[in-house]
Amino acid sequence: MAVSFTITYKDESTGARLGLLYTPHGTVETPVFMPVGTQATVKTMTPEEVRDIGGRMILSNTYHLYLRPGHELIREAGGLHRFMHWDGPILTDSGGFQVFSLGPLRKVSEEGVAFRSHIDGSEHFFSPEKAMEVQMALGSDIAMAFDECAPYPCSREYALAATERTTRWARRCRTAHDREDQGLFGIVQGGTFKDLRERSARELVELDFPGYAIGGLSVGEPKQLMYEVLDYTVPLLPEEKPRYLMGVGSPDCLVEGVLRGIDMFDCVLPTRIARNGTALTRQGRLVVRNAEYARDFSPLEPDCDCYACRNYTRAYIRHLIKANEILGIRLTTIHNLYFIMKLMEEIRAAVRQGRMLQFRDDFLRKYQGD
């Protein structure tokens, strides 16, 4: 099997666990956060820098790479790892979320989704088979099944149709996927409806994927509602297989997700807010572009050991961002990803020492300013 998973420790008082995810490009300790490299790059950072701050596995985006430069070109280059010079594991999403986010630019049928490119308006069609073809050409370590991500809020009727279609498409993905050095994960849908989540999980578990994602969350619903959905969805998934919460990456959600038994996360949040001049700190978000930091000669976070905090001040980084200098974005990106990687390291240590609940309380008290 291309991808396998071993649980190395289970916390007795919570759902948290530690594990090892084995892939063709190396073994990763879980829980793990995957920085997002949408266009085959973690924005502004070299692969070496991503590795230096603790990144071990990244996510790349099937929809974007299919449109530009094209999956055949990447296959010709020797696959995504060689193309982007990243030798660690890569997970590719299926493109489903992006295609369904296109709104009026897309048309859904049982066969798949017809859509217009957001780049040049050209017409395309994604089916489960096409999503598999593209991801097999990219050569990621883990591919994702093509699913229908229902928006929030949505009617029960819509969520039911999307859940049923997700199962049918998952079967077609299973049939079409035949790359032996690539694992294929299924995605549980069902919106915020408990019975639909149960049904989706049951049907996907029957298909026996090597790992399972929980999709359709972090799409605008309140965090408390997301935690409730996790509380009743995670126990439905096979304990011995990795569980991946898609698109979730704010520090508080990472802590709460691990407590509930999630092993894998990805999110654009740390890199996206960095480009808006916002830094993650233990005390919450710091909007360094604000005028109050113009004469602040302290680092983004005083106790942080990242390259940005060791060498530069808030005043300087603010100046760079206000002047639209790329270095400003690079420094906030380096800091934010370092912050998340350090957090994951601390979470793993807390789980190992059986103090995850205490860690959650201490972390959130500072982070949320309670």
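Cβ coordinates are placed from backbone N, Cα and C, and glycine is handled just like the others.
Since the structure is predicted, the reported quantities are computational estimates derived from the model, not experimental observations.
Same-chain residues at least 6 positions away in sequence with a Cβ under 8 Å from that of Asp93 (active site, proton acceptor) are, in sequence order, Leu59, Ser60, Asn61, Thr62, Tyr63, Met144, Met246. According to DSSP, Asp93 (active site, proton acceptor) is assigned to a strand segment. As annotated by Swiss-Prot, active site, proton acceptor applies to Asp93, with the evidence given as sequence analysis.
Within the same chain, residues at least six positions away from Asp266 (active site, nucleophile) with a Cβ under 8 Å of its Cβ are Phe33, Met34, Pro35, Val36, Leu59, Leu91, Tyr244, Met246, Gly247, Val248, Gly249. Swiss-Prot lists Asp266 with the feature active site, nucleophile.
All chains included, 33 other C-beta atoms sit within 10 angstroms of the C-beta of Gly216 (substrate binding site). Under the three-state DSSP scheme, Gly216 (substrate binding site) falls in the coil class. The substrate binding site annotation in Swiss-Prot covers Asp93, Ser94, Gly95, Gly96, Phe97, Asp147, Gln189, Gly216 and rests on sequence analysis.
There are 24 other CB atoms within 10 A of the CB of Cys309 (Zn(2+) binding site), with all protein chains counted. According to DSSP, Cys309 (Zn(2+) binding site) is assigned to a helical segment. Annotation comment: Swiss-Prot describes Cys304, Cys306, Cys309, His335 as Zn(2+) binding site, evidence class sequence analysis.
As annotated by Swiss-Prot, region 'RNA binding' applies to 247-253 (among others). Taking Cβ pairs closer than 8 Å, the region 'RNA binding' (247-253) reaches residues 33, 97, 215, 217-219, 223, 226, 265-270, 280, 339-340, 343, 363-364, 367-368 in its own chain, all 6 or more past its ends.
The region 'RNA binding' annotation in Swiss-Prot covers 271-275 (among others) and rests on sequence analysis. Counting only same-chain residues 6+ beyond the ends of the region 'RNA binding' (271-275), those with a CB under 8 A from a CB of the stretch are 35-36, 42-44, 285, 329, 332-333, 335-337.
The substrate site is defined by Asp93, Ser94, Gly95, Gly96, Phe97, Asp147, Gln189, Gly216, and by the 8 Å test on Cβ atoms against their centroid, the other residues of the chain that qualify are Phe100, Met144, Ala145, Phe146, Glu148, Cys149, Ile187, Gly215, Met246. Each residue in the region 'RNA binding' (247-253) gets a DSSP state, and the totals come to 3 helix, 0 strand, 4 coil. Nearest in space to Ser94 (substrate binding site), taking C-alpha to C-alpha distance over the binding-site residues Cys304, Cys306, His335, is His335. On the backbone, the CA of Gln189 (substrate binding site) and the CA of His335 (Zn(2+) binding site) stand 33 Å apart.
Remark: Cys306 (Zn(2+) binding site) has Ile53, Ile334, His335, Tyr338, Phe339 as non-local neighbours, by Cβ distance under 8 Å and separation of at least 6 in sequence.
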